[in-house]
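Enquirer: In case it helps, Swiss-Prot gives these features for our protein:
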ACT_SITE  ASP708  active site, proton acceptor
BINDING   LEU590, GLY591, LYS592, GLY593, GLY594, PHE595, GLY596, THR597, VAL598, LYS611  ATP binding site
MOD_RES   TYR656  phosphotyrosine
MOD_RES   TYR756  phosphotyrosine
REPEAT    436-458  repeat 'LRR 2'
TOPO_DOM  24-513  topological domain 'Extracellular'
TOPO_DOM  535-890  topological domain 'Cytoplasmic'
TRANSMEM  514-534  transmembrane segment
Amino acid sequence: MKSLHWFLHLLIIAFTVLRSVEAQNQAGFISLDCGLVPKETTYTEKSTNITYKSDVDYIDSGLVGKINDAYKTQFQQQVWAVRSFPVGQRNCYNVNLTANNKYLIRGTFVYGNYDGLNQFPSFDLHIGPNKWSSVKILGVTNTSMHEIIHVVPQDSLEVCLVKTGPTTPFISSLEVRPLNNESYLTQSGSLMLFARVYFPSSSSSFIRYDEDIHDRVWNSFTDDETVWISTDLPIDTSNSYDMPQSVMKTAAVPKNASEPWLLWWTLDENTAQSYVYMHFAEVQNLTANETREFNITYNGGLRWFSYLRPPNLSISTIFNPRAVSSSNGIFNFTFAMTGNSTLPPLLNALEIYTVVDILQLETNKDEVSAMMNIKETYGLSKKISWQGDPCAPQLYRWEGLNCSYPDSEGSRIISLNLNGSELTGSITSDISKLTLLTVLDLSNNDLSGDIPTFFAEMKSLKLINLSGNPNLNLTAIPDSLQQRVNSKSLTLILGENLTLTPKKESKKVPMVAIAASVAGVFALLVILAIFFVIKRKNVKAHKSPGPPPLVTPGIVKSETRSSNPSIITRERKITYPEVLKMTNNFERVLGKGGFGTVYHGNLDGAEVAVKMLSHSSAQGYKEFKAEVELLLRVHHRHLVGLVGYCDDGDNLALIYEYMANGDLRENMSGKRGGNVLTWENRMQIAVEAAQGLEYLHNGCRPPMVHRDVKTTNILLNERCGAKLADFGLSRSFPIDGECHVSTVVAGTPGYLDPEYYRTNWLSEKSDVYSFGVVLLEIVTNQPVIDKTRERPHINDWVGFMLTKGDIKSIVDPKLMGDYDTNGAWKIVELALACVNPSSNRRPTMAHVVMELNDCVALENARRQGSEEMYSMGSVDYSLSSTSDFAPGAR
């Protein structure tokens, strides 16, 4: 056994070495020494082995300089030079990256009296069109480091320095590092670093590349009230954060083990929203009678994570799935031993970020690309304002451009004025990519060649001014362009006194126009007469008894779409263009299924989930009708609510309330990267899902059978409240008489009632069977069907394991024993009753809800007894702003 233990550690060492070797090539790194000259110069910084190069290929403006020689020995080489921007309000670096990927972007600023003025600058940093941070230099040798984790929406990124006062913006270095997309998850916005610390066992400065393959800068933290523990053995750091070995091999624990440990900090902005990432690994070899288990709460007892046991020599990363805030900017985190613990809490590393809201959308990417090409083609880099995003923000729009700013999509260019811009050569085809352009002024330049035909294809274009270009061929106007002029949809100015006009038509045209006008007046009178007749009839109709119901009860039987008025409810019907707007052209995918794809949306300021029917779905429209019919007439706090629906031509969509925490299966498996669901969470989710299902059976008239109950159809909101979803297969059954309905079998393998499958007779007990399978998943966190098991189906596997009389052998090991044993037995027995092969011997959902409430009560009693064991004293230390941690010394 001992040899196996060491063999596993050797594997971890080998993996770590491979990752280290792989990291040496700095793949994806962009490391710019700003102001470095000449252009060809590159070098490797000795203390980090990072290769830096000049920034000249990434920016068109600025002056180069160097910090005072007296200060150079205090800093790494990449901050010896600076690039400053005395001209222009906004100056931007343009970096080519991979769209929709996550990057760490870091700007470093060391003044070093480079200009001899001894004036400490202050200015703003922008990421694309959005403000990132404010830079305030506090001293000649103070290092100001600003870092953000950002998902780039396009294949290029602008990092801009914006002048906000009398002083001149400058930058020393700009670094971009790729990250795993699965790391640092947020609901929205980007992450600006506040602090990133680790707890070394000996005095140390900071850690970065090549110990950290992503070149994150880890600052050491020491405190009089804390002691440090460490290990020489390797740590398994194989999660999406790729934590450095040197960071995870050490940890801090409070000196006074009997008292809770208080960790606090104050954000620079009181109302800032924050994400906190804590990294844990057990670095001590615990004996059989030693246990390290603790709870984490924050800001007065709000639960962060319960019953945490750091895994032995293996990483566990805990973070909040949504942003948290504090009214005064102060955050207090308390780490307290549980009653089962013999050892104090530990913490290996901590990262704190504030949210940068990305509210300003970037200009349409095709138009940005076109403008960059136009800028390069005509050598327009000398235009001071032509930096960063062409349109956004509006305050810094490029000179000569006018833009439109739609609410839900990126800005668009609607006019381009390059009058007198010293343009030479032919008219570039990149102009044709500005598809919403209405006005184009290329006058008073030295353009040559023919007038391009693509002008005629630009449907939005209303005015073109080509005057003052003596070498432009104005004699050959393309026929298609002449037709646009003839139709008066376009004005073409060719010279100072020459505007291309429509070719003259026959003299009969005025008579035709007069006749058309008379006919138009007559038609208008006829329409008005018809309108008043219809209006009078409508008034009479409204005096009759109340209107017919908007929704026909029961199941819609017809499969012909044109004959289904029963699902048309004007108050909730949404058009396809509205769907496009609310989803931002289907930008963010939440999930995919047999029905189609589910997208994130925003309707009237509220988040929604938009499920689009796939055109390839054979039974999709039938299920669509069934789900609309059901959801328009049922309302329950534990059923996902229907906000609206779209039935617009071939486009079908269901718009639901948004469930921020995804489905139960994702949360059980850990795919969402959040905390392990506690036993208390699981019991509450089971009760709430059962209540929703019980309502369908007993609260609806006629009663409903869901037919597809499974963990992926139980959705969780931001508070982990459960709601039953996906009613596309639901069926009603009679109130009186027979309690079964004969129907074609439908459902999901593994959850499907075998009696229903065998007989085609559907009843509410079919849902009870499926829910029993869900309960077994909740308890065991095992797949429903696993062919590698001796008994593949979860029902059979649990029954077999229970013959040994040990409930612990089937309960999810991620719970680490943190559950009420009596409650676990009770819920497993209930689940096995639900999956009885005979439907007559299964309980009703009303009985299931009652039994589950008993399980919740048992768990609550256990929790209250455990929490009384917490000590009330505290040990605390604080974290200050990231500026105090900035690494500058070599």
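Using N, Cα and C of the backbone, Cβ positions are placed for all residues, glycine too.
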Enquirer: Taking the Cβ of TYR756 (phosphotyrosine) as the centre, count every other Cβ atom within 10 Å, in any protein chain shown.
Expert: 24
Enquirer: Taking DSSP states H, G and I as helix and E and B as strand, how many residues of the repeat 'LRR 2' (436-458) are helix, strand and coil?
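Expert: So the counts come to 4 helix, 7 strand, 12 coil.
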Enquirer: What Cα-Cα separation, expressed in whole Å, is found between GLY596 (ATP binding site) and TYR756 (phosphotyrosine)?
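Expert: Rounded to the nearest whole number, the Cα-Cα distance is 26 Å.
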Enquirer: According to DSSP, which kind of secondary structure is the residue listed as 'active site, proton acceptor' found in, if we only use helix, strand and coil?
Expert: coil
Enquirer: For LEU590 (ATP binding site), just give me the three-state DSSP call.
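Expert: Looking at the DSSP assignment, LEU590 (ATP binding site) belongs to a strand.
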Enquirer: For the residue listed as 'active site, proton acceptor' and TYR756 (phosphotyrosine), what Cα-Cα distance in Å is obtained after rounding to a whole number?
Expert: 13
Enquirer: Using C-alpha positions only, work out which of the recorded positions LEU590, LYS592, TYR656 is nearest to TYR756 (phosphotyrosine).
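Expert: Nearest by Cα distance to TYR756 (phosphotyrosine): LYS592.
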Enquirer: Sort the binding-site residues LEU590, LYS592, VAL598 by C-alpha distance from TYR656 (phosphotyrosine) and give me just the closest.
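Expert: Its closest listed neighbour, by Cα, is VAL598.
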Enquirer: If you run the three-state DSSP split on GLY596 (ATP binding site), which class comes out?
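Expert: In three-state terms, GLY596 (ATP binding site) counts as strand.
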Enquirer: For TYR756 (phosphotyrosine), which of the three DSSP-derived states applies: helix, strand, or coil?
Expert: helix
Enquirer: Among LEU590, VAL598, all listed as binding-site residues, which has the most CB atoms within 10 Å of its CB?
Expert: VAL598
Enquirer: I want to check the contact list for LYS592 (ATP binding site): same chain, sequence separation of six or more, C-beta distance under 8 angstroms. What comes out?
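Expert: Those within reach of LYS592 (ATP binding site), by Cβ under 8 Å and sequence separation of 6 or more, are VAL598.
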Enquirer: Let me know the model's mean pLDDT on the topological domain 'Cytoplasmic' (535-890).
Expert: 75
Enquirer: Tell me the Cβ neighbour count for TYR656 (phosphotyrosine), meaning other Cβ atoms within 10 Å of its Cβ, over all protein chains shown.
Expert: 23
Enquirer: Would you mind checking how many other C-beta atoms are within 10 angstroms of the C-beta on GLY596 (ATP binding site)?
Expert: 20
